[in-house]
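Asks: So TrEMBL lists these for the protein:
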type	residues	note
TRANSMEM	A:6-34	transmembrane segment
TRANSMEM	A:46-68	transmembrane segment
TRANSMEM	A:74-96	transmembrane segment
TRANSMEM	A:108-128	transmembrane segment
TRANSMEM	A:134-153	transmembrane segment
TRANSMEM	A:160-177	transmembrane segment
TRANSMEM	A:209-233	transmembrane segment
TRANSMEM	A:245-271	transmembrane segment
TRANSMEM	A:283-301	transmembrane segment
């Protein structure tokens, strides 16, 4: 395959991983826990997008044949799906995280409660719309061609879009974190919740903000992946969820640029796996992760935590 | 007593040779040297942030020094790590108290007896007679230590539920259980009232006699240190600024400067 | 209750104990399903490919099963020994994620290696027992042995060292405990138990594929321990038994069953943050039964 094409493939997949890992990182940085329901929120984002562009539910599930009365263009559907996913993420925070956070429970428990929330969401999807796969037709993009030439190679429009949207979102997020009042508040809470509280920052609101944002990013990532490779069923977020975890640690827990860098590295590495070895592609990210953890346990861009004696 | 190879005198129990410790831009210890003779009570004083606890961490193997080294009876201890150094004979307590909080008081001391608890695995699994006898011996040693530190009545309490003073004493009991030759006490009197401080001073004297220990102690309460210690070293901004008997240290102009000159003034030439 | 479900519950309890062992010294390892899969492949490959293990037709001799369990446990233990040194330097969530990565790497290998049967896996694994009841008795004996070892651990130097590391690893090192070695022992023991269980499960399930060791299984087995209680060994055993049975017992509610299962996992830690089994509840139970069974286990804990 053409090098440029591999590069675009890798970068676009990597950008999605990055968006995904960013959601984990936002929550991790304010709460110090991993949200295992993140994959399910991503999945929901994909289904929301499908429904919003006017897609109909298949023959299985309680909602068989259901179709929204509107059919939005992809451009309109994607942000709405992100908002929907953000609402679900807020609900997950309310049910699975806040009760534990409030009594300063063992962070281990949040792994289990968020997993429980994920199991509920995934099986709710299955109950409602069945286990079959859904494709978001590229027709939803309007008149764009399926692929276009770039420097002598052909690039799929969907992938270029994936990359473009991811880059724009990452840039907006970085600007917002560095430039806005809430963004700085979020960083302050991540740095030191108690001091932040003393400075009058409402840490509960910041936690909610982190969940909302992480849900939005997951939902958008879900919609984009749904467009590029179709929705393979209620469980399809789990694989991405796992890979996002690898990306997260690869880049360094709690580091926003780390999440992006980790995503791009994993995406590119996977794209360069030769076709004969494609079965092993899924192990690439974990192999990488393993190596990085052993050589540099804080991840590529993670800060070392001081040990206090 | 151990003699040094050339016969010039006894080898010190512990030598700290030009130890430096750098954390990022901060030089926490700057070429600190000192030597502890067997059997003495040696005090380490200095203002907050002078590097006292950092020196403890280096000696007990928790923090590798960025320069210099420690010698135990003349042999370098580099790379031994905390558990290796404990097995050599160095035990410590912590300024912020690090007990095994979910374990009982008795179990905390039993963990300290780890080195003495080695028994054949099969016998231990089956709980045979030899294992049970050994176990009774350990329990008896644990109770002895708890009695010495006046904790025997609390043996079955959870360590995490103890009041502050008892925790301090339990940490000492746990350290003593490891049969140390050198005991490092990091601010053992912190948070104690004058009467308790007096008790602590007597206690430290008792355990030195009882176990023929060498004691290195960090403490802010200078009068207590003057009474308790055979020799003192004073750290300021990571550097050893004085070393000697309490009387010598008390009159040392640099020490007076560090303690009385106000932290702002002392900082000027301290770095 | 039917014997097949009972057998699954017992296997669940064994896996829960495998997760519990590293957790007992504060190490959150999610590698259990990976080692479980390895043990299962050892048994599946030996009993379908090596005549000495295969026996005749669809049955296989009991000594062959025991030998496979030993070999499966040994291979899992060796893998744990090889990677344990560097991996166990990682702490907390990093260790958890590294072990998830290990499970995924093993899964991809199992899926792609030339001799593991690809996505279909290995099937037609011969049966050492004619009925599920045989499996149940055999597994019960294995579980009893594992529980006995865990109970003995409380009284041993090793068990105290593990508890000390769980409470404060740094202080444990300062009282002379070789913390890397102690953690490695717990990790290897966990792997061996998972490998042995996998070898047994491969026969019971009659077929074996890469799905045996997946991320889902990692979290489910962790849920066993958190749900049952991670402090005392009866916790994981109870958690393993109950949570394995639950999806089956919920079958009558049809499509809602996995949603309810999720709700149980979600609500369990909220209402029982210490898990179902705690020292106080054991004390209470012991008092009710009029026996001082867990007398050795100190005063009640305050949460």
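Backbone N, Cα and C atoms are what each Cβ position is placed from, and that goes for glycine too.
Bear in mind that TrEMBL entries carry predicted annotations, made automatically and left uncurated.
For each listed feature, how buried is it and what is near it?
Replies: Within the same chain, residues 41-42, 97, 101, 107, 110-111, 114, 150, 153, 155-156, 159-160, 162-163, 166-167, 169-170, 173, 186, 189-190, 193, 203, 206-207, 210-211, 213-215, 217-218, 220-221, 224-225, 228, 240-241, 243-245, 247-248, 251, 253-256, 258-272 sit at least 6 positions outside the transmembrane segment (A:6-34) and bring their C-beta atoms closer than 8 Å to a C-beta of that stretch.
Long-range contacts of the transmembrane segment (A:74-96) within the same chain, counting only residues at least 6 positions beyond its ends with a Cβ under 8 Å from a Cβ of the stretch, are 35, 37-38, 41-42, 44-46, 48-49, 52-53, 110, 113-114, 116-117, 121, 136, 140-142, 165, 207-208, 211-220, 222-224, 227.
Listed by sequence, the residues of this chain that lie at least six past the ends of the transmembrane segment (A:108-128) yet keep a Cβ under 8 A from its Cβ atoms are 31, 33-41, 43-44, 47, 57, 61-63, 88, 92, 95-97, 100-101, 233-235, 237-238.
Same-chain residues lying 6+ beyond the ends of the transmembrane segment (A:209-233) with a Cβ under 8 Å from its Cβ atoms: 12, 16, 19-20, 22-24, 26-27, 29-31, 35, 38, 41-50, 74, 77-79, 81-90, 92-93, 97, 126, 131-136, 138, 140-141, 156, 158-159, 161-162, 165-166, 169, 173, 182, 186, 240.
Under 8 Å from some Cβ of the transmembrane segment (A:245-271) lie the Cβ atoms of residues 6-7, 9-22, 24-25, 28-29, 34, 170, 173-174, 177, 190, 281, 284-286, 288-289, 292-293, 298-303, all in the same chain and six or more residues away from its ends.
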Asks: Mind checking which residues reach the transmembrane segment (A:46-68)? Cβ under 8 Å, same chain, six or more beyond either end.
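Replies: That would be 74, 76-78, 80-81, 84-85, 125-132, 134, 136-137, 140, 219, 222-223, 225-227, 231, 236-237.
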